[in-house]
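Quick look at what Swiss-Prot lists:
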type     : residues : note
SIGNAL   : 1-25     : signal peptide
CARBOHYD : 23       : N-linked glycosylation site
TOPO_DOM : 37-71    : topological domain 'Extracellular'
TRANSMEM : 72-101   : transmembrane segment
TOPO_DOM : 102-108  : topological domain 'Cytoplasmic'
TRANSMEM : 109-137  : transmembrane segment
TOPO_DOM : 138-149  : topological domain 'Extracellular'
DISULFID : 148-226  : disulfide bond
TRANSMEM : 150-177  : transmembrane segment
TOPO_DOM : 178-183  : topological domain 'Cytoplasmic'
TRANSMEM : 184-211  : transmembrane segment
TOPO_DOM : 212-235  : topological domain 'Extracellular'
CARBOHYD : 222      : N-linked glycosylation site
TRANSMEM : 236-269  : transmembrane segment
TOPO_DOM : 270-277  : topological domain 'Cytoplasmic'
TRANSMEM : 278-317  : transmembrane segment
TOPO_DOM : 318-323  : topological domain 'Extracellular'
TRANSMEM : 324-347  : transmembrane segment
TOPO_DOM : 348-397  : topological domain 'Cytoplasmic'
C-alpha cells in the first residue's frame with residue numbers, strides 16, 4: 001500500500017499548489033473584471049485578402065481569461081504535473097499492457113478489463129508531449145486544428161473510457177464474489193464484447209470534438225489556443241448540452257454503479273465467515289476497495305462537477321470564475337493514469353508475479369522451468385518424508 005500512499009500524497013501536494021496558483025491567477029485582473037471564463041468574442045468580420053481568401057478571424061477575451069492564459073497556473077504548474085504523469089504513466093502502463101497481453105496466459109474478465117484500462121491510459125498519456133509543449137509555450141498551439149482535435153478527442157475520450165472500464169472491473173469483482181462458480185470462458189467472452197462496445201461508444205460520443213473547430217486565434221495575446229477559448233454561442237449552446245450529457249451518462253451513472261458494487265462487495269465480505277488467515281485477506285481487500293473507490297471519485301468527480309457548473313454559469317449568467325479550478329481538477333484526473341498500474345499490482349497476484357519476472361528479465365520459459373523445479377522439489381520432499389515415516393513404522397514393528 002506504500003505506492004498508493006505516495007499517490008495520495010502527490011494528489012494532496014497537487015491540490016495545495018494548485019490552490020495557491022488559482023488564487024494568484026484569479027486575483028490578477030482586479031475587482032472590475034467580469035471573469036467570463038475563456039469566452040471568445042469575434043472582434044471584427046474577417047478581412048478579405050487580394051486573392052479573395054478570408055484571413056483567420058481574431059477573437060478577444062476579457063481580463064480574467066487573459067490572466068488564466070498567461071498566468072503561472074497554465075504555463076508552469078499544469079505542464080509540470082503533466083510531465084510527472086507522462087514520465088510515470090507511459091512506462092508503467094506500457095509494461096502493464098505488455099504483461100496483460102504477452103505474459104498472462106489465462107485471460108480472465110478482470111485481466112481483459114484491466115488490459116483495456118491500461119490501453120486507455122496509454123492512449124491518453126502518449127499525447128501529453130503536445131499538451132506539455134502547448135502550455136510551456138504560453139498556451140500557443142502551433143500544430144494545426146486537426147491535431148488539436150485529435151488531442152482533445154483522445155484526452156476526453158480516454159478519460160471517460162477509463163471510467164467505464166473501472167466500472168466494469170468493479171461490477172465484475174462483485175459478481176465473482178457472489179457467484180464464484182460461473183463459467184470462466186463465457187465470462188471472458190462477455191468481457192471482450194463489453195470492451196468492444198465501450199470503445200465503440202467512446203468513439204461515437206467523441207465525434208463532436210473531432211468535428212467542431214478547436215483552435216482560436218487571439219491577436220491581443222498573439223497566441224492560438226487549443227480548446228481553451230471557444231466562441232460564446234458554442235459554449236452556451238452545443239457544448240453545454242454535449243458536456244452535460246457526458247457528465248450524466250458517462251460519469252454519474254457509472255459512478256453510482258461503481259459505488260453500489262463496492263458497497264455491496266464490502267457488505268458481502270464482512271458477512272462471510274472466515275478463519276484467521278482469510279480474515280487478514282478480507283481486511284486487505286476491504287482497504288484496497290476503499291482506496292480504489294476513493295481514488296475513483298477524487299480523480300474524476302471534481303473535473304466533471306466543475307465542468308457542469310462552469311457551463312451552467314456561462315449559460316445562465318454569461319460569466320464563470322471556475323474555469324481555473326476546472327483546469328486543476330482536470331489535471332488531477334490525469335493522476336489516475338499513474339495510479340492504475342499500482343492498483344493492478346495490488347489487485348492481481350498473477351500481475352505481481354509476471355511484472356516481477358519481467359523486471360528481472362525472466363522469460364516465460366525460464367519461469368516455467370522455475371515452477372517445474374519448485375514443484376518437483378516439493379514433491380521430492382513429500383516423498384522423502386513419506387518414505388522416512390514408512391521406514392520408521394516398519395522398524396518399530
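Cβ coordinates come from backbone N, Cα and C, glycine included.
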Where among 184-211, 236-269, 278-317, 324-347 do we find the most Cβ pairs under 8 Å to the transmembrane segment (72-101)? 324-347
So for residue 148 (disulfide bond), how many other CB atoms are inside 10 Å of its CB? 21
Integer Cα-Cα distance in angstrom, residue 222 (N-linked glycosylation site) to residue 148 (disulfide bond): 18
Cβ atoms within 10 Å, counted per site: which of 222, 226 has the most, among these recorded positions? 226
Taking contact to mean 3 or more CB pairs closer than 8 A (sequence separation of 6 or more), are the transmembrane segment (236-269) and the transmembrane segment (150-177) in contact? yes
Would you mind splitting the topological domain 'Extracellular' (138-149) into helix, strand and coil residue counts from DSSP? 5 helix, 0 strand, 7 coil
I'm checking region-level scores; what's the whole-number mean pLDDT for the topological domain 'Cytoplasmic' (270-277)? 68
Helix, strand or coil at residue 226 (disulfide bond), per DSSP? strand
Tertiary contacts of the topological domain 'Extracellular' (138-149), as residues 6+ beyond its ends and Cβ separation under 8 Å: 69-70, 74-75, 130, 209-210, 213-215, 221-228
